[in-house]
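K.L.:
Here it is, the structure in full.
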Amino acid sequence: MSSKDVSAYKEYALEPQCSPTPRRDSSAWFSRLHRCKKTLVKFLSFIGPGFIIAVAYNIAAGASYRFKLLFIVLLSNLFAIFLQSLAIKLGTVSGLNLAEACRAFLPRWLNIILYIFAEIAIIATDIAEVIGFAIALNLLFPKVPLVAGCAISIADVMVILLFYNPDKSMRGLRIFEYFILCLVMGVVICFCIQLSLIQNTSVGEVFKGYLPSKSIVEQQGLYQACGILGATVMPHSLYLGSGIVQPRLREYDVKRGLVPPRPPPSSTSGNQVFEKTYYIPSLEAIQSSLKTSIAELAIALFTFALFVNSAILIVAGASLYKNPDAVDADIFSIHDLLASSISPAAGILFALALLLSGITAGIVCTIAGQMVSEGALNVKMLVIWLIIAIMNVANLVLLGEGQ
């Protein structure tokens, strides 16, 4: 895209729009509360993918250093809030998600490189989701083989096809959002019960882990800290975070008659990104949504995400500390260790939380892949689902050979 196109976009985006004065609504407070609830539900979807990848690192950290690396869990969530806030600002002010902004304002070669890195991260997370779902299903139902569990996990794509379409009916989108909320709350409940089963652990000792410790800079502790950070701050979540704030902006402008007209064809100069996403949020919508969206993001990540990631490490630190078998244990071994050290119910709850997180992660990763492909390459939906189908078939083959 030429510099002339970028200048035209910036001029139109910054030009004041002639719009009527927003009407006063007696139920404005309830409407604002309802919007906050919907956006909070969307941000809760960030929890699923990080949980599956964080399991191995948090279990190893808890077994090696008990609660001392809880400070890294806290620090990772602060980093995630900062980076997601920047993504929200981009999506709110420009009306473009991160992938669309890269295609609009970066050289083509740099956009392609960033797209490849983003897809690699999404594929790696999706592979972890498929394997985690299959293992969790096998732990809960031993007669179900891993390959069958992997095949069942492909159903998450069908769920998205049925319910997730933000350009059409909002009813289907709300059903999808509440489905994700139920999955996340299921994970939270599982770990609440697991924490209640822990004995001989003081609350003060746990909270002391949120303070900096010299164990963090030790060689093994540093590696595990980097793993926890990488499992919390995930690249595809930034793409997703920059896109999920846009429906709120459009809803605000539509209700108040503030939607600006489509820009003249001369200003787009054939810019496909601008033609596809010609909507530029009004100044009123930006002022109304920006601070609220960032506040809701901080609440979602600093409560639910911090709790789930901390709970994994706390359970491991309380039950598996100084257990040599737990440091390099796989998911099957972790399940057995939790069942033997705490109670059989703890092993079942761990497998159930892993199963629910696997479903959440699969759906969220697919949405992120769709957003990245459409935004960076302007790829049609049929091609995206074809890529996802090939990726899931590859997962089946790899898991079948590994078994």
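From the backbone N, Cα and C atoms, a Cβ is placed for every residue, glycine too.
TrEMBL feature annotations, pasted as is:
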- 40-63: transmembrane segment (TRANSMEM)
- 69-91: transmembrane segment (TRANSMEM)
- 112-140: transmembrane segment (TRANSMEM)
- 146-164: transmembrane segment (TRANSMEM)
- 176-198: transmembrane segment (TRANSMEM)
- 221-240: transmembrane segment (TRANSMEM)
- 297-321: transmembrane segment (TRANSMEM)
- 341-369: transmembrane segment (TRANSMEM)
- 381-400: transmembrane segment (TRANSMEM)
K.L.:
Of the listed stretches (69-91, 176-198, 221-240, 297-321, 341-369), which one yields the highest count of Cβ-Cβ distances below 8 Å with the transmembrane segment (112-140)?
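P.N.:
Going through each listed stretch, the top one turns out to be 341-369.
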K.L.:
Using a cut-off of under 8 Å between C-beta atoms, tell me which stretch among 69-91, 176-198, 297-321, 341-369 contacts the transmembrane segment (221-240) the most.
P.N.:
69-91
K.L.:
Please work out which recorded stretch in 69-91, 176-198, 297-321 has the most C-beta pairs separated by under 8 angstroms from the transmembrane segment (341-369)?
P.N.:
176-198
